[in-house]
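Encoded as structure tokens, the structure appears first; notes follow it.
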Amino acid sequence: MLKHSLDRLKCMRERVSSAEAGISNCNLEINFNRDSYVIRAMCLDGKLGAALSLWCNMIQHSIIPDGITHNYLINGLCKKGELEKAEWIVRGMLYRGPSPTCATYNSLIRGYCLMNGVDKALNTFSTMANHGIIPSRVTCNILVHALCKKGLVEEAKKLFHKLLSKNHDGGSSDLITSTIMMDGCFKNGDTDQALAFWERMLKEGIKVDKVSYNVVVHGFCMSHDVGTAYKYCCEMLKLGFLPDVYSYNTLVGALCKKGKTSDACYIYDVMTRMGVTPDQITYKMIIQGLCINREIDRAGCFLEYMLQKSIIPEPLVWNVIIDGYGRCGDIEKASYIRDKMVAFDVLPNIFTYNALIYAQIKSGNLFAAQSLEKEMLLCGLTPDSVTYNLLIGAACNLGLIHSALQLHDQMLRKGCQPDVITYSKLLKVFCLQGMMKEADKLFGKLLASGLAVDHVPFLILMKRYCRMREFDKVFDLYQKWLVAMPR
């Protein structure tokens, strides 16, 4: 009876121990899954420091996360530019497992390419075969895109053909890879080679998409062949691909660069009728193009369209219109646009004030221009060399030497270094006033300043000394000019 009781007790203890072990294993599995999920979630949220700490904690407890969790962590680190840590994790995977996959190496290669480390990306690519990993089409696309972006189109072509020879997709060129190659060739100025890739895709029966057409349209616009770009846009429509905002912006930008603003405005009308909403870039290009063509009122209309559609332009767009009105001498409209800019909570910057100061100076209102400079300071903006050059030039033109020199001193006190334009304006007024000692002294400062001196200061002094018939000084200046000019 005693033996029977002891055997029963032993069996009960073994069953309890077995149950506890099962619960422990179950808890371990739950914790493993939970921690892996948390690492992935933190990587997606950009909390890489916390994710890396949790990963390290798991490794220290001999709990190895799966390959997908590792890939999340490596991808996050690569996007953030922390490539050394990502490479360290990959080395750990090779040592303790799980084995890296093609996706692991793709993240690392993409990270190097983003950080302009194409050489390291190619080295990583070459080590894949050593670990028994076959590069995928994605690997090829990443490297081809990086090489094309650096202008290494020939190297990209070699890689493209090398991967095709390894029987990727039955040897047929892939749509994405071929599109990347086309884009690289267009950007490198090799239109014929780009079209060769296009013809190859069509010949192999690859279904081209909207992105491929956009690349072709953009390529012909880059080579200033807008007519052929139009042709491919029409071809897109015939095949049922509706041009998107990128397609229209490409055409608008090309037309504006050629000065064909009326055609650009026509494209704008077409895109709105086709139900494609113009974006900031569309309006920016049209407004800049119109202002360059001195069609400032028309540019102002497009500004109104933007505001009606609740698109608040960036300061550059406002400044272009203000500068346009200023150059046309319409101070009232320039000031009106500035006030409207402020009303829409867009703060004027230094370029805004420089445009307004230029407008006032062009109208002969030096006092108003100086008031704007004081307003800049009150707004917490520091005048730059352009501001001071405008004011000094205006004072010199009016013969106000004392005022010009005061502005020069103020410029130095504010920590703004004079440039060649500043010195040239002061030299000119000294020469006109016959103050040659001051002119020579200032010219000496210019030569000692280390600035790249152009021909203008030399010619100002040489012309003056020619009129004074002091030809020895003219010859000396000529000799200095020869020394100062870059070979």
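Cβ coordinates come from backbone N, Cα and C, glycine included.
TrEMBL entries are annotated by machine, without manual review.
Annotation comment: TrEMBL describes 66-100, 101-135, 136-170, 174-208, 209-243, 244-278, 279-313, 314-348, 349-383, 384-418, 419-453 as repeat 'PPR'.
Helix, strand and coil counts from DSSP across the repeat 'PPR' (66-100) read 28 helix, 0 strand, 7 coil. A mean pLDDT of 86 is what the model gives for the repeat 'PPR' (66-100). Remote same-chain residues near the repeat 'PPR' (66-100) are listed as 36, 39-40, 43-44, 46, 48, 51-52, 55, 59, 107-108, 110-112, 114-115, 117, 120, 131, 133 (criterion: CB distance under 8 Å, separation of at least six residues from the stretch ends). Here the repeat 'PPR' (314-348) has Cβ contacts under 8 Å with residues 280, 283-284, 287-288, 291, 294, 296, 299-300, 303, 306-307, 355-356, 358-360, 362-363, 365, 379 of the same chain, all six or more residues outside its ends. Note: the repeat 'PPR' (101-135) comprises 27 helix, 0 strand, 8 coil (DSSP; helix = H, G, I, strand = E, B). For the repeat 'PPR' (244-278), residue counts in helix, strand and coil come to 26 helix, 0 strand, 9 coil, using DSSP.
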